[in-house]
Structure formats: C-alpha cells, structure tokens
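Pulled from TrEMBL:
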| type | residues | note |
| --- | --- | --- |
| TRANSMEM | A:6-29 | transmembrane segment |
| TRANSMEM | A:36-56 | transmembrane segment |
| TRANSMEM | A:68-91 | transmembrane segment |
| TRANSMEM | A:107-128 | transmembrane segment |
| TRANSMEM | A:148-174 | transmembrane segment |
| TRANSMEM | A:203-224 | transmembrane segment |
| TRANSMEM | A:230-249 | transmembrane segment |
| TRANSMEM | A:279-299 | transmembrane segment |
C-alpha cells in the first residue's frame, strides 16, 4: 500500500462521496415524509444535468476564466437546481399525489415511481439524443494544490464545497426553520401533524422540491465531472439510494455519512481490485453493514433522530 | 343566562357572512377547473413531445421541432382542452351525465360482468373453461408467425414463469425483492456450467433437463444464503439488499471473465433431451412449439403446487407474516423459517426459468440480467395484481407483449417511455392491479375505510389526505 496512491484515491473518493451524499439526501427526505423509495429521484438528477447541458450549449462560453467562470458555475447551479426542483414537483403531482388521494397501497407507489422513472429516462433520450454529451468547459480545470502529492482540481473543490454548503444549508433548514419543523412533524407522524395544523400536502410537495433542488445540482456537478446521457441517473441513483439506506434511511445526517462512506469505498476498491469491481464492493459493504446494523449506521427516521 | 351566551359568542360574531364568504372564496386561478385546464394543456404539450421526432445531433432539434410543429401541437392541445371541457362541463354538454351513452354502456357492462362472475366460479363452468383455455394456449404457437413465436417463448413465457415465482415472494409473503433476476442468472449460468459451456468445466456434463434440479438446488442454496442473514431486515432495507445482491451477481457475471466469459457471454448451451429408455425426445429450435409446450407443462405444475401452497398452513403463515409480522411471530409462526421458505421457493422458480431460457436461446450473457429486468418483473407482478396467480400471469403476458406490438407503431427506442407511462396511469387508476386476489381486495378495501393497515406494505403513506 503506497501512501501517495492512498491520497490519489482518497480525494476522488471524497468528491464522489459528496455527490452521493447530496443525492442520497433527496431519497432520505422523501422516505422520511412518505416512507417510500422515490425510485424516480435518479431521473431528477439526470434532468438537472440536461438543463445545464442545454443552457451551456446555447450560451457556448468560449475560454471562460476568472469572474466569468464563477458566474457560469453559479448559473449552472441555478438552472439545474430549478430544473431538478421542477421535475420533482411535477413528479409528486403526477405520480404520487393521485395515489395518495386514493389511499393506494405502498407497492403501487413504488411501481408508479418506476414507471415515471422509465418515462423520464426515455423521453430525455428521445428529446436530447442518446449519445453522451459533455457540458462545455466552464473553467480551466487545473490543479489547485497538492495533498501529499495528490492533485486536487478546481472541479473537485467545487464538488466538495457545493456539497458541504448544500448539506449545511439543508441541515439548518430542517432543524431550525418552521418549514423544517413541518417536515419533521410529518415524518414523525403524518396524521397527528395534520391534526396540529400542518398542511401535509404542502409539506410533502416542498420536501420533493428540496430534494429535487439538491438532486438537480448534483446532476450538474456529475455532468461536469463526466458526461450527460439519458441513462446517467441510474448508477449514481442506486448508489445514492444505497448510501441513504446505509446511513439509516430517513436520517439526513445518516445519508451524508452513508454517501461519503460509499464514495470512498468505491474509490478504494477501484484502486485495490480494479475499476470494474467498484460497485461490487460498495454493495458488499452495504449488505455487511445492514447485517450487523439492520437500520443503517445512524438508524431510522427523519423525525426521531436528525 | 342568555346575555352570558351572547357574551361568549361575541368573538364569533365578528365573522360576518361576508367575511366568511371572503375566507371561503377561492381566486379563479386556484379553482379546480382552472387547474385541470392547465394540467390538460400541459399533457397535450407533453403528448406532442412524446410523439415528436427523434433527436438528431443537435440537442435542441427534437424539442424545437415538436414545439414549432403548430398543426400537430395545436391538435393535441385542442384534444386536451376538449377533454377538459367534457370533464368540466359534461352536465351541460350531455345533459344529465347519468344518461350519457358512455355512462350507460359502462353501467350495463359492469352489471353484465357482475352477473357472469359468480357463474364462472361454479365447478361445471370453471373446469371446461380452464380446459378450453389450456387447449387454446397450447394451439396458439401453431397459429402465429415465427417472430411472435419467439416473442411468446423468450419474452412472455419465461417472464410469466418468473412472475409466478416472484408472486410467492412479494404477493404472498410480502417480501419486497428487487433482485429477483439474480436467481434467473444463477439458473442460466448453472445451465451453461453443467453442460460444460463455461470456461470452467464441471465434474460431469448433464443435459439441460437434468440441470433443472441442480439449478433449483443452487438457487435454493443461494436464496437461503442471501436470505438467512438479511431476512430480519424490514421492507425497504430488504429491497436494497436484494438489489445489491443482484448487482453483485450481475457484476460477477460481467467481470469474472475466467469463470463466466465476461460480457461476451457463452454460446451453445444445448437443447434439452429426454430419454426414458422406451421413448426419447429432443427439443430443437426448428420446431417452434416445443419450448412453448415445455414451459406450459412446467408452469402448469408450478401453478398447481403454488395454488395448493396458497391455502395450506404455509400459505396462511405467509399471509400472517405479510399482514403483521410481529403479531404472526407472537402467535407462534416461525417467521424466519417461512420467510426463508418463500424466498427459496421464489428463487428456485427463477432458476428453472433461467435454465429454460438458457437452453432455448442457447446463449447466456450478462446483458439479459440487468437490474432493469428485476424491476420490470416486480412491475409485472404488481400490475397484474399481486397475490393472484391468474392476475400476475395476465399482467406479465400483457406487459411483455406490449413492447413487441408497440414496435410496429412507434419508434423502437421509445417503447419503454410508453411502458412507463402505462405503469403510472395504471397505478393511479387501478393500484390493486388487473385481477387482484380476493383476500388482497378485501384488505385494500378495509384499509381504504380506515379499518386497520391491511399489511406492512399497504399502510397508507404520508397520512390520509382530505
């Protein structure tokens, strides 16, 4: 084990983990208030990436640098976040609310989400083409500094920085604001929260929007890191969902930890066993952890612990 | 006394009739009719996009094309607005809606169906019907073209087998299994292994028929190995663990080149042969019906066994576990044992389907075992009506057939878009599935009326909404 290589793999692991953490929050939030897996969240992520792709293909930035780059990245976050939030909002209205009104069984929600996920994936493929496309360069992705010989790039800094900002913001939002209190109340006991004057429908809708906002931004970051395709949501989506479960689904801080753990595990297993085994070890870790802690690292529910 | 009452009432009196009306007043843009109109117009636009051109090299091409194609866009939006008008103003447009022809037809049809259903349940009607159905099904491959024959066996029949197996796990025992195709893969790869087609050679070579028991055993063991440590997990945790298991199996099949030949897959899995000494039979791909009949026989045996199981002690134990695991355990049901049993039975059914698939297609590659297929089988089961074997079979047959028939009408790459839309629509309007099982229908009705939560998987989410 070479110490330099250790850092070489740790840093991408952390930046990937930060992304997973941000996506996992979307899963965990929805699970918290609705107790169901939002299978279509991976498509929210994909839509965010496509929104950024569309905007920057239209703008065609030429060799941006300095302030221009900062502005473009901010624009990217705004656009993809909005697109993600909009998609999640529409998703809730179309694929979840009608079922909720009819008191459908839980598995029906799962299937409806799967259907919506299929639909969004393939309509994106149809609309925007099925070949991967890169987002145009928004900044010079140069080395910023080195930690023990491992290079840290601008993009990695942005990824980790944005993730940290989003996570802190979300934590404050959920724990300190009135809206957050509503979310926690619905997560704990929706019926009672409704009796106490919480508008359950609004809370659920807003929860989806918050999750979608984070998911869309994560999609933008992921698109910068690699390329944008219609199926891009699938693997990060599953892994982030695994991360949410690993941390204890419904638990926001758990999702952050779970995401980080899975990102780092993936990166290290790519180093130790080869790139093709990265997902195998991520899922193996998940199964092992769940065998010994059946409710994840930090344990259950939004309302009770976070 | 009266003055006291008026005093306590004083604050209420400030709510005059006008202020109450103001409170109750909804601005026009918040009215249901307007919201429906927006929804309908959006759906019209969405439909235009769905039926528009395929994307070109330019990311904007398809979007631009469908949104500037005014006649097409206009038609869809007009249709949408028309539907909206019909929904909103049907009483003006049709007079009394109860008298409208559509309503009458639906009413008559439901009355007719209600009259027929109990007759169908009678023994002297039921059995001839089932026999007729089996005969028709058996003769079906001789009537259809070669292409449809392939579809019937490779897509429909194999998935019906899978769905029958998954129904035991999800529909009866209530275990959410998102990795069902993993066992299908194990079955298929065992077929390849025991017939000596994998890069590693087996101790003895068998014909695919003899592989079936071996594959069943392998899948049983795999099911128990996965299930034993993980079955104490609750619903969604189990889902992600089974999903993870699927991914591990899939990635092993893809990456362990020296054992599985990697993504290229293995070819030449032989057709099964049956040699009973006095009578021998060989399956080929030239005679298209053979595999169909083989699967029909296998499915028939499985259905018979599973129907016996459903109402046996085991089946009742599953129901108890599905409805309330804690209560079941408290009443002396060995939950771990029965859950493992369901898991293992489902896994071995999947394994049988895997062997059949491998020997029919004669080719095994990881591409047939992607995660999407696991998700699809689950969708088939729930679409059909989980817990009811007939519903599950019908749902699977329909959803597996649909993409094939859609091929003729829409672009091949768009088929899953329509499939997804159908799943959403179906779950909105008929969440219990095509033919729900009788017990499940009752559970859902009770849950709807607020009498208990039916089972761990039916509890309403997010509280009740008004």
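Backbone N, Cα and C atoms are what each Cβ position is placed from, and that goes for glycine too.
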Proximity verdict for the transmembrane segment (A:148-174) and the transmembrane segment (A:279-299), three or more C-beta pairs under 8 Å: no
Contact ranking winner - A:36-56, A:107-128, A:203-224 against the transmembrane segment (A:6-29), Cβ under 8 Å: A:203-224
Range from A:36-56, A:107-128, A:203-224, A:230-249 with the greatest count of C-beta pairs under 8 A to the transmembrane segment (A:68-91): A:203-224
Top partner of the transmembrane segment (A:36-56) among A:107-128, A:203-224, A:230-249 - counted as Cβ pairs under 8 Å: A:203-224
Sequence-remote partners of the transmembrane segment (A:230-249) [C-beta within less than 8 Å, at least six residues beyond its ends]: 19-21, 23-28, 31, 37, 41-46, 49, 121-122, 124-125, 128, 130, 132, 218-219, 222-223, 255-259, 261-262, 266, 279, 282-283, 285-286, 289-290, 295-300, 305
